[in-house]
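Report on the following structure.
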Amino acid sequence: MIGATSFLNHSGPRPPRYRTPSPPRRAVEPISPFTTTTDFRASWIDRGDSQAASYDRDRVTSNNDVYSSTNRGSHGRTSHGRSSSTIDTLATIALATSPTFAPLSYRPPSQDPTPAMPLFPSQSIESTERPAKRPRSEKSPSPLHQPQTTVAPDANPSSTFDSMKTDAELLLNFARPSNFQPAAFYPSKRVSIDESYHPHYGEEPKSHFRAGLGSTYILPDGEKSAYHTSANTAFPASRMRSQSDGSAFISRPVIQGVRPNTSSSTLPPIVWQEEEGNAKTGPGPPSTKFPGAETRYENSVFTGIDTGADRASLDVPPRGDDDTESDENNQANCAACNLVRIPVDSEEQGDVTWISCDGCKQWFHIVCAGFKNDREIRTVDKFICRRCRPIHGQTTFVRKSSRARTAIDYAGLNQGLVKAASDSLEHHYIEPIREGKIRFLPDNFPRMRPELVTAEYFERGSGMTEPIVIPAHLNTRDSIPIVDPEFDSLVQEATSQEMFDELLEHLPEEGKDFETVIDCGQDQLDMVVPQGLTVRAVAELYGPEERVEVIDVKSQQGEDKRWNMQKWADYYESTGSKVVRNVISLEVSQSKLGKLIRRPKIVRDLDLQDAVWPEELKAIGDYPKVQFYCLMSVADCYTDFHIDFGGSSVYYHILKGKKTFFFIPPKDKHLKKYEDWCNSPAQDSTFLGDQTKECYRVDLSEGDTMLIPSGWIHAVWTPTNSLVIGGNFLTRLNYGMQIKVAKIEKDTKVPRKFRYPFFQRIQWYTALKYLEDDPIPQSVLNAFAEDENYRFHRAYPIYYEFGERENKAPAGDPYHNSRFYSQAELEGLPDLAKYLLRTALIASGYMVEGVTMDARNAVKRSIPKGQGDPIDTVRKFGIWVAWKRGNEKAPQWTRPGVVESNAKLSLTEKKPAGRPSRRSERNAEGQRMYAERQAVQRPLEQPPDLTNGLSSEESSSAPSTVEIPQSTVISTLPGTETKELKEEIAQKPRSIHRSSGLGPKRVACDACRKRRIRCRHKDEHNDTISAKQTTFGTFPAGVQSSLAHDAASALNSLAAIASEAGFQDAANGHGLERLEGSGNYSTAILSTPNAATSKVHDGSPEGLNTGKKGRSKACDDCRKSKRRCIHDEYGRIDPIKAQERSKPRATASAKRPRPPQEEDAAFTLNKRPKQESTSPVARPASLFRAEGDMSHTQRPVDLEASSYFGTAHDHNGIAQTKLTSAVGQTSYASPPAFQSDTVVMEVAGQGVSKPTASLVSPPTSQADETDVPPEQDAEKDNHVVYYTPTTSSRHSSRQPRHVDRYVPESQPAKAVKTTHTPSKRRASCSGPTTARRVTPGAQGSSKKPASRPSSSHAKKGVSPVTEKKFDRMTTTSTSPGHKGAKRERTAIADDEPDAESLRLIRELQEQEFGLRKRTTRV
């Protein structure tokens, strides 16, 4: 798309608004197809002079002397008088021209190039007339210069009269088309020629009439305008445009494929002849006015009618190659509106913007193409009109990158406000500042005499709140005369020592007010700076080869090249054009130059660092070195707006040259804008003073000294080469501002090297200095400790205690003050206390949100050692602040134990130092509000060996801590029912521990977080701690209900591991005897509907790694190497786990999660199931004998006596060991056999196993979550316990199903077979299911919880009460035959079921429970 090209020139200056087309210069505009010059001339001869009078509308002289006869003669036209434009005249002419009207019926485009007979053929159109549209180049010709095609006359004259009648009625405003909507918004009778036109955004061609005016041609049916370009014409791909024809866009109504109404009933009548005052001189048409707008000019426009409704392409009859006729006619038309423009002899180009279709090469007005203005066209890459879109596609636009770009202020560049990068070697603000283009407020800062600038002046006043200038003429180095000349002459005349001593004794009184000091060239500020110091001297004193940091002023960045003082001195002294560089950070306190400089006395008195830094550290040079800076700047150096590091105050003495400061006061709104400006990508091109609207200019010259208070934002310009000595210092007067600026530096990520060194340590030394110099009396300390609302009474603030109110209380008195405390100092003490509290919390191990481990370590190093606990120190300092301020309570956090137990302080487990996750660091900014709510987190130490479990008191002592799961262990004796059996334990939210305090609390496991997927393992995290609790004792009922869901999840996993891996000892079945003696393996099955036991202990055969988060039950090394983990939660080798034999591993394909549909073909029984249960529930169910009858002969077991402390009988071993095998794994089976959703028992004596127990009920049943009980009779009593959580893992579909194995005939009675189905398939079951199928015997019923819908399980002969009692027996009963479970498992491990059996089992289960397949996450 090419740039805009103007095709028409108007006479006179271009109006500021859109131009309207020029009005018609004749009573009636001809209505006929467009023809060539030859056809016009021929038809003119045929018609005679009678029509010529009508055609001569272009040069009218009557009633308008704008058009002269010379112009008419130039065109060879006969001069005619203009009609009076009455209705009668219009009707007469309309009827007279009716024989040549074209019929209203449209016909398809004619391919015959013969020209049509024109209504008013042109008498002559000279070739010398300028084209209306000037071609931009030969390769991009104008639409006007295309070969034109003539249209054959209509051969059907039958409709001539109808056409005449219709057009006459339309012309005379007697009729209107029914499908034309009136333009109701025209308020005036005066309207421009184009007012009937409105852009048609669909780009359908339309015909428009001009309310009986203008040069309008009407094409016959189906014919195109003569200037519709064909697709075969040599149009370039680019489009030529000029400025937009705004008048057309303003007023033309949208017409959807219909002929427009030209009736004057819808358009206001046009006044033909304007007043004489409106006529414009020159070769232009009479003007018309648009309502409310000034007079506009535009050329007359030809408009053709094009049906276009049933046309599919833009093909037009081929045109000749003769360019002469095109040049003579100089006409162009829009393919959408057929608007044809006839040129006038004008020197100015028109205001019409055109755009070319890249498909058909047709030209359109931008308003016809659907664009409002030129700005919209700039975004177009390839324009495709409506008819070409089915072929060429939609219009494409220039791609706009979403990458953030620095905005360039082109307006500012044009005005010279911002210099381009290559224009000058200086900073782009220098010239606007120098020329006064940037306006500043005049400063009203005080100019003070040096003797008034003292620490006492500021401390006893309101502090140092604004910059202070000590002019050079007031700060002289002359000594102050203390005696009069007469006394001095007497001293000179003294001839003996006695006479001299007598004169000293009678020294005048006025001299006693002065202090005699050594004259070392100090000024009245007691500042010593070597006179005559130069940059070369600085280089020699500092060291010619010493490194110096040089700033490139234009980029405000440090120079990459290495500079030394010798090179810098050479640069500074060089002349001519050079890159502007600056040195502003040369600290010289440790050099020879530093020993020649002394700061002003007020700076030394106010310097907080000098007052609190230990003297022993000063003696060895270990202190922050910010006292002396030497600033060397060449002319036109500029330092953009900044705040001195740490909010420090500044003293500034000009040795040579000049400096200009631009100050912005440190108001909160300005500090916020400053922070935003620092973080803005447009910082370099944005002048902060313009943003704040409050910027003061201060000019300093040689010898001037200035003190800049804390927090003042300032920029510095160097008009001439300058040499400055300055320094930074913290004060007691600005605690709040200094801490605020330090926070801004952190928020804006200022590099540490550009911050105040040891800032936090200075604050701590300050607090320690307060407590040491002015300790709190014990009585005051006790009063604050006894009453949290205690206020130390003071009659007036202590900053009033000077002069006649000076405090003279002795040391130890509650009202004693070791020194004077200023008002500004007392007001900043609470901010200092809060700042120290935060650092103390961080250093003491509290998990403060938004703090990385590196920051934590830095804070620890910043706190002075040997001062006791930082928390205790800051508590004491908080009380000290309340005591000194008086009449206020001590902060709440000073109360004993509040830091640990306050609800606003969230405590968490302390993690070892490690690199924080990148995601946490990225979220630090976004979690600032979260950090305020969760202020700190206290680590809760977990010893490796828990002997007594976690008491409920320990858990409740930290209300904001991460909830530690409590197991609910219920000793279920036969015939007893407990309330816990019916409890619904609500799951509590919990976070997974991290190595960093940044970001929100994690609730995702490691695996999901690394894969960046939604974690559904949230309930598995707390299984670790509750495992220990289950092992070592029974907890109170309140503790039992904390996280029972996690317990069920652990039990599920336990059974799954036991079922899939098994214990691979020898067939004698004594493999587990060595584990029973330890008492580690206890049965802890919950009888509550929504709760089950959590993990048991670390000594489970599976080797749990309870220190890991989420579902990762093994340590990282073992999990990655795919081997059995033998490590405990602390990474140490667990001897019990190490003694366990390796479990059989499945094939590699089984290790991979597979979709449910892929599990039809292959199942692997040994794959470790992964727990991801959101609300697991464990419930014991019924036991069945192989024959189907119930067995109630199990022995009740006391969990506290036998299970927990290792006194269990031998028949406890297998079941309890399997329970602890894999805490947190999703499974529903327990030793001694495989168990899951489908439980199949072998019938004794049969060689082929057949299902003896039912398929496990869907997860809506909570009563099915049972375990395999011990066997009463090793030969006969083979029982199966169903274990099904109510809500199971979402991802367990990736786990293989464990099905029943075939048992050899040698062990028919001990072969208890189960199949394991992952919980994910069962989790989706909510509808009713069929009854359990038990072959051949009876089955146990499922007790459904109150919170779940009925599972519709059949209960054959078993009442809920009996089942409940039996469930409790099965979970705790043992038998001697239990020891042989490992032999059974070893025997059956060799017999793998075939794939067909597995598939049938799974299909039966899905049919029964209505399970749906879930796709696995990849």
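First residue shown is number 1, and so on along the chain.
Just so you know, glycine gets a Cβ as well, placed from its N, Cα and C.
Taken from Swiss-Prot, the feature substrate binding site applies to T639, K659. The Fe cation binding site feature in Swiss-Prot is assigned to H642, D644, H714. According to Swiss-Prot, the feature compositional bias 'Basic and acidic residues' maps to 44-60, 127-139, 308-321, 907-925, 1130-1143, 1186-1195. The feature compositional bias 'Polar residues' is assigned by Swiss-Prot to 61-71, 143-162, 1250-1263. Summarising the annotation, Swiss-Prot assigns compositional bias 'Low complexity' to 1341-1352. The domain 'JmjC' annotation in Swiss-Prot covers 588-746. The region 'Disordered' annotation in Swiss-Prot covers 1-86, 102-162, 308-329, 891-964, 1090-1118, 1130-1195, 1250-1394. Positions annotated as zinc finger by Swiss-Prot, on the basis of sequence analysis: 331-391.
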Around the Cβ of H714 (Fe cation binding site), the count of other Cβ atoms that are within 10 Å: 20
Residues within 8 Å of the H642, D644, H714 Cβ centre (excluding the Fe cation site residues themselves): T639, F641, I643, V650, I708, W712, I713, A715
Helix-strand-coil residue split for the compositional bias 'Basic and acidic residues' (1130-1143), DSSP-based: 5 helix, 1 strand, 8 coil
H642 (Fe cation binding site) to K659 (substrate binding site) - Cα separation in whole Å: 16
D644 (Fe cation binding site) - helix vs strand vs coil (DSSP): coil
Sequence-distant neighbours of T639 (substrate binding site) in its chain (C-beta under 8 A, six or more apart): I551, V553, Q556, N582, I584, A715, V716
Model confidence over the zinc finger (331-391) (mean pLDDT, whole number): 76
Local Cβ density at D644 (Fe cation binding site) - other Cβ atoms counted within 10 Å: 20
Neighbour-count leader, CB within 10 A, binding-site residues: H642, K659: K659
D644 (Fe cation binding site) to K659 (substrate binding site) - Cα separation in whole Å: 17
Structural state of T639 (substrate binding site), classified by DSSP into three states: strand
Residue pair H714 (Fe cation binding site), K659 (substrate binding site) - Cα distance, angstrom, rounded: 12
